[in-house]
Amino acid sequence: MILVLDFGSQYTQLIARRLRESGIYTEIVPFFESIENIQKKAPKGLILSGGPASVYAKDAYKPNGKIFDLNVPILGICYGMQYLVDFFGGVVVGANEQEFGKAVLEITQDSVIFEGVKIKSLVWMSHMDKVIELPKGFTTLAKSPNSPHCAIENGKIFGLQFHPEVIQSEEGGKILENFALLVCGCEKTWGMQHFAQREIARLKEKIANAKVLCAVSGGVDSTVVATLLYRAIKDNLIAVFVDHGLLRKNEKERVQAMFKDLQIPLNTIDAKGIFLSKLKGVSEPELKRKIIGETFIEVFEKEAKKHHLKGKIEFLAQGTLYPDVIESVSVKGPSKVIKTHHNVGGLPEWMDFKLIEPLRELFKDEARLLGKELGVSQDFLMRHPFPGPGLAVRILGEVSESKIKRLQEADFIFIEELKKANLYDKVWQAFCVLLNVNSVGVMGDNRTYENAICLRAVNASDGMTASFSFLEHSFLEKVSNRITNEVSGINRVVYDITSKPPGTIEWE
């Protein structure tokens, strides 16, 4: 196992993801993690991440110096390398020419960490400081146009001024793999087949004959959690799907068919009437979210009570992923409250369940791979993200049954055309937004005054930032024609060309 000490870099999670993609199990902890906890994890190597600070600043992040007594290889990346240089007596200063973006790395000295790596390659830089003098015993391995010491080595200690974890670094994955396999002696034992076998055995032992309640939203995470649990405990899983009437077209039927194929019993609650009555007259987005969240809890509680009376439920399953775990203990210090799934946050006190989070070690892409391993269809696993409050936050203004129907039909056409054109898997997320704006139109010889709808499609890697998708005009024209001809009540279609920032992906 490789352990990454996080100094606050926006790229830290990528380090773990790249190594895991190579089959090497990797965890992330904050830079201030105690030596005792690090020793318990027994890592074969440490990686010190990048970070936004300068090592010579008074408030610079610095780990416990005893990490050097652990006798394991250490790799410092960007800030991590500068920390190593500073700690061992070298000199780091503010750079006259800062490096951001792509640069050419030139290897000047053979090293195990560069085995099989091209002499010259593109790497990704993101630093304002640079090393001008190495500590005693260190050797320069590579340089870039503005960094004379772009890679350094002293025995089992290595430093890289660039970011090998970023996809723009052409040989970055190979360099990280060399560190883990050739320097640290790790083995490629991490993969979803192994994880599934291990986790099913662990869940069987932990849960035994107890019952587990699992809220199923129809999304990837909750579906994979339910599938994994069912493999472990069979009918002791109580999977509950609440249909709040704000789902995509045919969503309920699709989820039911999926669970039938997986042979997992699913308790479906038709709560459309309850949700729509509570949303009547409400147009403020945050209030809509609040009402949906509270109503979900009411409906979920009622269903849970029903099952609780039949036989005590001991566990509540949640689709927490590894990024949620990392965020709960960030470099800014431990968080008091671990981020909860929107569907189960704020449950009443009588539901004194033990929490079970089978996916808490996994990134989103790994959860998808696990789902594939467990037999969940690829088509289902690769669906675009969908907000917890559903179509309520894609209908601007008050929600009504007729507006939901209108939006469902338009959205269905947009997604169907994206799939026909082989574009669905090329955009990160696509959907329609029903605007609370009417416009004048002409249908035949008649004047119309109907809804306008907005198409939204974005490209992103994680949703933190996004750019609008450049869809061909002919494609947009086809979608527009279909929507205005096939969906009653819509006479105008617009396309959103706002990126994030300044906009958000969803409108509400």
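Backbone N, Cα and C define each Cβ position, glycine as well.
Sequence annotations record features per position, and here Swiss-Prot assigns active site, nucleophile to Cys78 based on sequence analysis. Cys78 (active site, nucleophile) falls within neither a helix nor a strand when secondary structure is assigned with DSSP, and so counts as coil. Within the same chain, residues at least 6 positions away in sequence whose Cβ sits under 8 Å from that of Cys78 (active site, nucleophile) are Ser9, Ser49, Gly50, Gly51, Ser126, His127, Leu160, Gln161, Phe162, His163.
Look at His163 (active site): DSSP puts it in coil. The Cβ neighbour count for His163 (active site), using a 10 Å radius and every protein chain shown, is 24. According to Swiss-Prot, the feature active site maps to His163 (among others).
As annotated by Swiss-Prot, active site applies to Glu165 (among others).
Among the features that Swiss-Prot reports, ATP binding site is placed at Ser217, Gly218, Gly219, Val220, Asp221, Ser222, Thr223. The Cβ of Thr223 (ATP binding site) lies under 8 Å from the Cβ of Val216, Val255, Met258, Gly371, Val376, Phe380, each on the same chain and at least six residues away in sequence.
Look at Swiss-Prot and you will find 1-189 tagged as domain 'Glutamine amidotransferase type-1'.
Mean pLDDT across the domain 'GMPS ATP-PPase' (190-383) comes to 85 in this model. Annotation comment: Swiss-Prot describes 190-383 as domain 'GMPS ATP-PPase'.
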(message) For the recorded positions listed here (Glu165, Asp221), tell me which residue's CB has the most neighbouring CB atoms inside 10 Å.
(response) Glu165
(request) May I ask for the distance between Gly218 (ATP binding site) and Glu165 (active site), taken between their Cα atoms and rounded to an integer number of Å? (result) 32
(message) Cβ atoms within 10 Å, counted per site: which of Ser217, Ser222 has the most, among these binding-site residues?
(response) Ser222
(message) Say we define neighbours as other CB atoms within 10 Å of the CB. Which of the binding-site residues Gly218, Gly219 has the fewest?
(response) Gly219
